[in-house]
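K.L.:
My structure is below; once you've seen it, I'll send some questions.
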């Protein structure tokens with residue numbers, strides 16, 4: 001595994017280039033501001049007078065329509081949601097994607113699964129911070145950065161590495177370290193992590209633990225503290241020190257109980273389910289399902305969101321977060 005740092009990368013490859021960041025959500029804002037503050041020439045491409053138009057202007061950006069930005073830019077960095085990218089690409093970006101330009105992403109979904117097929121003569125790269133946008137910006141402003149990934153799918157100009165690594169440096173990623181990988185590896189591992197562990201697995205584990213305690217007669221408030229609130233403390237220890245030192249920092253009771261009981265929670269069946277989830281990602285079944293969901297205007301997803309918001313743990317959690325000063329009334 002090759003890791004690149006600031007000293008390994010020069011920004012010179014981008015000094016005479018214009019980078020169009022398409023989208024101004026969490027990542028779009030953070031990445032565009034960081035590159036701008038690194039001295040790079042950045043424009044932001046958005047829907048005319050859309051919700052983010054004024055936000056980007058107020059942040060000091062030159063804001064253009066997506067078509068105008070794509071025409072002007074040497075590098076087009078697409079940071080709108082996965083499900084919108086192909087349609088926007090075909091109608092507003094592709095006509096201006098001339099030979100020698102670079103098409104860039106922060107997630108490989110649409111390239112890996114073939115929803116976007118760039119023309120010949122165009123570099124296709126990926127630069128992905130391994131952190132939410134707010135932390136990408138916060139750590140940059142503090143003089144550091146978050147780790148990131150770079151990938152090269154097509155090197156049409158023989159300068160794709162210089163381009164994508166300089167983008168990573170401009171965003172601040174090489175301050176912490178940038179790993180080179182592939183579109184396939186980034187896409188499939190990212191989807192798996194979200195579904196099986198980080199978003200899907202963890203929330204289901206928390207919910208099951210909370211419900212077990214409440215159903216046994218314990219107060220919802222105590223159940224929330226013990227199964228959800230304190231999770232951050234443990235995750236922070238793992239994040240900073242790894243498993244071994246996390247076990248060292250908790251009590252002997254917690255260490256013994258956790259080590260002797262954990263395999264009864266995440267069982268061989270759980271791992272078999274993870275392998276099936278990974279297969280669905282690898283063979284495209286998940287992608288087809290998600291595309292159909294998007295075509296149905298996210299009806300199932302919206303229903304799941306509503307049900308999730310009605311869970312008892314959400315009501316109790318909101319009350320306790322306000323008590324702790326972590327959440328404010330909207």
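Here the Cβ of each residue, glycine as well, is placed from N, Cα and C on the backbone.
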K.L.:
Write down the one residue from 133, 143, 145, 148 that Swiss-Prot lists together with 24, 25, 26, 27, 47, 52, 82, 83, 84, 85 as binding NADP(+).
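P.N.:
Answer, per Swiss-Prot (NADP(+) site with 24, 25, 26, 27, 47, 52, 82, 83, 84, 85), from 133, 143, 145, 148: 133.
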K.L.:
Ten-angstrom check, please: count other Cβ atoms within 10 Å of the Cβ of residue 190 (Mg(2+) 2 binding site), all chains counted.
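P.N.:
If we count other Cβ atoms within 10 Å of residue 190 (Mg(2+) 2 binding site), we arrive at 18.
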K.L.:
For the binding-site residues listed here (82, 194), which one has the lowest count of neighbouring CB atoms within 10 Å of its own CB?
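P.N.:
With the binding-site residues 82, 194, fewest surrounding Cβ atoms within 10 Å: 194.
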K.L.:
What binding-site residues in the list 190, 226, 230 lie within 10 angstroms of residue 82 (NADP(+) binding site), counting C-alpha atoms?
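P.N.:
Near residue 82 (NADP(+) binding site), where near means Cα within 10 Å, there are no binding-site residues at all.
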K.L.:
Measure from the CA atom of residue 190 (Mg(2+) 2 binding site) to the CA atom of residue 107 (active site) and give the result in Å, rounded to a whole number.
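P.N.:
Each residue's Cα considered, residue 107 (active site) and residue 190 (Mg(2+) 2 binding site) end up 8 Å apart.
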K.L.:
Using all protein chains shown, find which of the binding-site residues 226, 230 scores highest when you count other CB atoms within 10 A of its CB.
P.N.:
226
K.L.:
Among 24, 25, 26, 27, 47, 52, 82, 83, 84, 85, 133, recorded NADP(+) binders, what is the largest CA to CA distance in Å?
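P.N.:
Site span for NADP(+), by Cα atoms: 21 Å.
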K.L.:
Distance between residue 251 (substrate binding site) and residue 230 (Mg(2+) 2 binding site) at the Cα atoms, whole Å?
P.N.:
14
